[in-house]
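Peer 1: Under the heading site 'Cationic membrane-docking site (MDoS)', Swiss-Prot lists Asn16, Lys19. The feature disulfide bond is assigned by Swiss-Prot to Cys26-Cys115, Cys28-Cys44, Cys43-Cys95, Cys49-Cys121, Cys50-Cys88, Cys57-Cys81, Cys75-Cys86, with experimental evidence given as support. Residues or ranges marked as site 'Important residue of the cationic membrane-docking site (MDoS)' by Swiss-Prot: Lys105, Arg108. Sequence annotations record features per position, and here Swiss-Prot assigns region 'Important for membrane-damaging activities in eukaryotes and bacteria' to 105-117. As annotated by Swiss-Prot, site 'Hydrophobic membrane-disruption site (MDiS)' applies to Leu111, Phe114, with the evidence given as similarity to another entry.
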Amino acid sequence: SLFELGKMILQETGKNPAKSYGAYGCNCGVLGRGQPKDATDRCCYVHKCCYKKLTGCDPKKDRYSYSWKDKTIVCGENNPCLKELCECDKAVAICLRENLGTYNKKYRYHLKPFCKKADPC
C-alpha cells in the first residue's frame, strides 16, 4: 500500500516521501506519467511499470509485511502478488536512494501537463 511505500522511501532516503516525491517530475506521485526528467524521475517511471505487471492485488491499497534488518528491506509475504508488490516498492526506494545526487528541487512540484508522452513499459 502507499503506507508501506512511504515508509520504505523514508527509511532508504531519509526524505519525507509525500513532500519530496509526491509530485516530483513527470512520474512520481499518483497522477504521474510522461518522459522522465532525470534519474530520480526514472525510478518512479520504472516503479509504475512494475505495478502494471501485478495481477491480483491493488498497489495503492493492499497491505503487505516487510522488515528492516541491518538497513535492508526484506519482503516477507506468502501471497505472490503481495510479494511482488513489496519488491516493486523496495526497488523504487533503493533507486531513489541511489539517485539522491540527481534530486533537483525544481522538479519537486513539476506541472504534469508539461510532460511529454513516455515510451510504453
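Yeah, the Cβs are placed from backbone N, Cα and C, and that goes for glycine too.
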Peer 1: Could you list the residues of the same chain, at least six apart in sequence, whose Cβ is under 8 A from the Cβ of Cys95 (disulfide bond)?
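Peer 2: Result: Arg42, Cys43, Val46, His47.
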Peer 1: Taking only C-alpha atoms and a 10 A limit, tell me which of Lys19, Cys28, Cys49, Cys50, Cys75, Cys121 are near Arg108 (site 'Important residue of the cationic membrane-docking site (MDoS)'). These are the recorded positions.
Peer 2: Lys19, Cys28
Peer 1: Got a sec? Which of these disulfide-bonded residues, Cys26, Cys50, has the most Cβ atoms within 10 Å?
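Peer 2: Most Cβ neighbours within 10 Å: Cys26.
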Peer 1: Please identify, among the recorded positions Cys44, Cys49, Cys81, Cys86, Lys105, the one with the smallest Cα-Cα distance to Cys115 (disulfide bond).
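Peer 2: Closest recorded candidate to Cys115 (disulfide bond) by Cα: Cys44.
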Peer 1: Between Cys44, Cys57, Leu111, which of the recorded positions has its C-beta surrounded by the fewest other C-beta atoms within 10 Å?
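Peer 2: Comparing Cβ neighbour counts within 10 Å for the recorded positions Cys44, Cys57, Leu111 gives Leu111.
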Peer 1: Counting other Cβ atoms within 10 Å of each residue's Cβ, which of the disulfide-bonded residues Cys28, Cys75, Cys81, Cys86, Cys121 comes out lowest?
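Peer 2: Taking Cys28, Cys75, Cys81, Cys86, Cys121 as the disulfide-bonded residues, the minimal 10 Å Cβ count falls on Cys121.
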Peer 1: For the C-alpha pair, I'd like the distance in angstrom between Cys26 (disulfide bond) and Cys49 (disulfide bond), rounded off.
Peer 2: 14
Peer 1: Looking at the disulfide-bonded residues Cys43, Cys49, Cys88, Cys115, which one has the fewest other Cβ atoms within 10 Å of its own Cβ?
Peer 2: Cys49
Peer 1: Please count the residues of the region 'Important for membrane-damaging activities in eukaryotes and bacteria' (105-117) that DSSP assigns to helix (H, G, I), strand (E, B) and coil.
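Peer 2: Taking each residue of the region 'Important for membrane-damaging activities in eukaryotes and bacteria' (105-117) in turn, the totals are 6 helix, 0 strand, 7 coil.
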Peer 1: Spatially speaking, which of the recorded positions Asn16, Phe114, Cys121 is closest to Cys44 (disulfide bond)? Use C-alpha to C-alpha, please.
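Peer 2: Given the candidates Asn16, Phe114, Cys121, the nearest one is Cys121.
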Peer 1: Using a 10 Å radius around each Cβ and counting other Cβ atoms from all shown chains, which of the recorded sites Lys19, Lys105, Arg108 yields the largest count?
Peer 2: Arg108
Peer 1: Work through the recorded positions one by one (Cys86, Leu111, Cys121) and name whichever has its CA nearest to the CA of Lys105 (site 'Important residue of the cationic membrane-docking site (MDoS)').
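Peer 2: The answer is Leu111.
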Peer 1: About how far apart, in whole Å, are the alpha carbons (Cα) of Lys19 (site 'Cationic membrane-docking site (MDoS)') and Cys49 (disulfide bond)?
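Peer 2: Between the alpha carbons of Lys19 (site 'Cationic membrane-docking site (MDoS)') and Cys49 (disulfide bond) there are 22 Å.
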